[in-house]
Amino acid sequence: MDEVGAQVAAPMFIHQSLGRKRDLYYPMSNRLVQSQPQRRDEWNSKMWDWDSRRFEAKPVDVEVQEFDLTLRNRSGEERGLDLNLGSGLTAVEETTTTTQNVRPNKKVRSGSPGGNYPMCQVDNCTEDLSHAKDYHRRHKVCEVHSKATKALVGKQMQRFCQQCSRFHLLSEFDEGKRSCRRRLAGHNRRRRKTTQPEEVASGVVVPGNHDTTNNTANANMDLMALLTALACAQGKNAVKPPVGSPAVPDREQLLQILNKINALPLPMDLVSKLNNIGSLARKNMDHPTVNPQNDMNGASPSTMDLLAVLSTTLGSSSPDALAILSQGGFGNKDSEKTKLSSYENGVTTNLEKRTFGFSSVGGERSSSSNQSPSQDSDSRGQDTRSSLSLQLFTSSPEDESRPTVASSRKYYSSASSNPVEDRSPSSSPVMQELFPLQASPETMRSKNHKNSSPRTGCLPLELFGASNRGAADPNFKGFGQQSGYASSGSDYSPPSLNSDAQDRTGKIVFKLLDKDPSQLPGTLRSEIYNWLSNIPSEMESYIRPGCVVLSVYVAMSPAAWEQLEQKLLQRLGVLLQNSPSDFWRNARFIVNTGRQLASHKNGKVRCSKSWRTWNSPELISVSPVAVVAGEETSLVVRGRSLTNDGISIRCTHMGSYMAMEVTRAVCRQTIFDELNVNSFKVQNVHPGFLGRCFIEVENGFRGDSFPLIIANASICKELNRLGEEFHPKSQDMTEEQAQSSNRGPTSREEVLCFLNELGWLFQKNQTSELREQSDFSLARFKFLLVCSVERDYCALIRTLLDMLVERNLVNDELNREALDMLAEIQLLNRAVKRKSTKMVELLIHYLVNPLTLSSSRKFVFLPNITGPGGITPLHLAACTSGSDDMIDLLTNDPQEIGLSSWNTLRDATGQTPYSYAAIRNNHNYNSLVARKLADKRNKQVSLNIEHEVVDQTGLSKRLSLEMNKSSSSCASCATVALKYQRRVSGSQRLFPTPIIHSMLAVATVCVCVCVFMHAFPIVRQGSHFSWGGLDYGSI
């Protein structure tokens, strides 16, 4: 019986070990562990409501119920998360329960939270655990929440740890791991132990240990392995290694060897020196070092030199290695979470702590310099600071969160021609300092900074290739011209606007590692806004999983964007210093501004040097550029590098995002990649919605975006004509047409600026509860109104004017600032010059207060409104040929101001519209106005009906002349035009062809009748019949 008892006890002991789940059933290789699939999301975006304007996250009320139903409905979708707890332990449940006393760290909990049956401890979960497994009853967790990636426990998002058997915050878990980071660290340490205890003891050489037999052998093997790796890195692979030498170590072995080297203690004399350096450095820092002893135990100089050489050779020998490590570090199509945490258990943290006290030698480069990769690493001292495991972020003196005096002098202004020249901190740069390191009241932007703009001269309107290229000298000569000047009215063109003065919309991406939306501070928006020195005119954001990826769309001036990217490291230091909370100082995050990439960890900021070498996608256009709210449509996305592996395309709108399924376009010869998005529809919008969304394309941590306007059908029809600006058919345009269109290389940037500004206004119209400063400045309204008039966007102009009136209406009238702005841009003059009858009719009849009585209605655009030189729309139309419709519209205004002012309204030179028309021989204009005045006096209505006979010969000549003008477009068109011209010229006779055909038909009938009448027909009687013998009479 004793033997039987012994045989029974052994399986019970094994089952108890399996229940702890602290050891694997069998040894698993690193390759198998790394190839396990990992879940992408740590939190569900549908469970959080994100305010894109306030930067605030609120949990959804029914998030737990919906999440539970989703998990319960899954059938075998994530079988890799099954715990298989308690299987095979039915016979020994009592034994397992009694053995819990042996494990004091395992807390035995009561089965019920206050009821008659045990329930799950997750909030709002009423799962009955009476018939559940013993494991679930003891730990008060149901099977669904034990496998869930997150659950709401105590009003906090947590996750159940399978090794601790309790709930922890999401920040204590790595991506896809079912156990907390603390348990995994101990588990990884046990797995890295070798099978022989003496080899474990020889991993660290302790002074005074004279038993150096195994230590010397292991040290020699490690040294040989490092030399072999260095030889392979220097291209000496052809040399056959000697017999008995170790093979080339892999990455894990190199990390273990470096970890052993870093564990070596420093000599006593060097320790004393480091003590002095560390004390001096701590005096310059605002917050003391938590553990000064860790900073003193740095690596020896020889170790640092070895690490620098190894890091440099590995980086230079494999150019593609950085890209692979970078894409793996910032996410790809399989995972969006940064894998930097995989190095935390190795040598990375120790290396960063030990390199604090060393100073580099030589100059530092600016973070915005456009240099080659070889020029970026021209300093040996900078390479010495490199770390093997964090090769992507090169440590340098400018990487510190707070620049010191010694390092701040190495930042050069944009005006310096010598990159090695030392400049003192007090030297003032040429460019205006938009981002000062210390915030001061002088750097605050005034509220009316964008409301006031200087009066411009009389410049020709060339925005978006307008047809004003024939305007005269912008410095108009106006006020003293002679009456005989032939084209006095055309010399007073409306002032031009430049899109370069408008803000540029860009994106700043923050990847907050080990965070979830519940940990974001309530002052997040104000902190980012203050970090940018209160410069942005607009800010909008959204979040998505992958820790927390915060994408912030910012509208700033181009100069502000340039300075932010040039001094990104300094600006991040200001963010860490001036933040009112400890959120940024205690967080690990990565910042991407589009051209620069930087990271923060343990109080240090680093810039990526290999960021420019990545193959990033680029969006050229999205067609159509505007979609109707609530309707389904198809999109065509064009750009570069859109078909590479790892590309993801999404649509972001109002704080949420939606992944889009794309298909490759039909193969054809194009210079861009084309992707089709079928069945695209913006969710949760009503039919009259006005807004904007972004189409984003991303590869890893770098991407591009394009604005997409959401509006009604009439506005979308007008805006979709902008698609031609992104892909002009230059091969079908002649030189004269290209000059007349005036579409240079800046056309795409101007159109993007117009779409972005229009999108910001539409977004503000939907989120009117958040009014910032002046809401939307008059200068930005000016830019949108001018662009819309120059494009003949009548529906858009009416919408913009309504929004302008809504924001500037005082006592049923526009305020003085808005009236001055409208008088400055002269919308009616622009429409008259473009001969846009629909736009002129819209502006003439536009009412500020349409709901009031007719006697108190206010019209803004009057025909007699004066511009530069006293020129009015009547003067401008009178001196323009072919403007009969313009004269008719301007003299048919509701208040009849144009009709009564035709003969009396004078400009600065004393000329009236009547004299303008007479000088340009447009006498029909004067006749038209005179007839209308006569009808008004006689209270009658007269109609002018003209009968015009089109000369076929003249029409043929005009057609041939037009074909000759356009015959130089291409060879095929010239051939067709030549044939058409010959055919027309050959058919020119005395009589036109239709008349000849009619004459021939009549002649044919006459001949037939004559022949029939004069013939001698045969009669039945046989006698001849003669027409001459016939007589007439009654029958």
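Along the chain as shown, the residues are counted starting at 1.
Backbone N, Cα and C atoms are what each Cβ position is placed from, and that goes for glycine too.
Feature motif 'Bipartite nuclear localization signal', per Swiss-Prot, maps to range 177-193 of the set 92-108, 177-193. For the zinc finger (117-194), the DSSP-based tally of helix, strand and coil residues reads 25 helix, 17 strand, 36 coil. Distance from the CA of CYS120 (Zn(2+) 1 binding site) to the CA of HIS168 (Zn(2+) 2 binding site) is 15 Å. The highest number of surrounding Cβ atoms within 10 Å, among the binding-site residues CYS120, CYS125, CYS161, CYS164, CYS180, is found at CYS120. Rounded to a whole number, the distance between the Cα atoms of CYS180 (Zn(2+) 2 binding site) and CYS142 (Zn(2+) 1 binding site) is 19 Å. The Cβ of HIS168 (Zn(2+) 2 binding site) has 18 neighbouring Cβ atoms from other residues within 10 Å, across all protein chains displayed. For the pair formed by HIS145 (Zn(2+) 1 binding site) and CYS161 (Zn(2+) 2 binding site), distance between Cα atoms is given as 11 Å, rounded to the nearest Å.
Note on proximity: among CYS161, CYS164, CYS180, the binding-site residues of the record, the Cα nearest CYS125 (Zn(2+) 1 binding site) is that of CYS161. Excluding the listed site residues CYS161, CYS164, HIS168, CYS180, the same chain places ARG159, PHE160, GLN163, ARG166, PHE167, GLU172, PHE173, SER179, ARG182, ARG183 with Cβ atoms within 8 Å of the centre of the Zn(2+) 2 site Cβ atoms. There are 26 other Cβ atoms within 10 Å of the Cβ belonging to HIS145 (Zn(2+) 1 binding site). Counting residue by residue with DSSP, the repeat 'ANK 2' (823-853) contains 18 helix, 1 strand, 12 coil.
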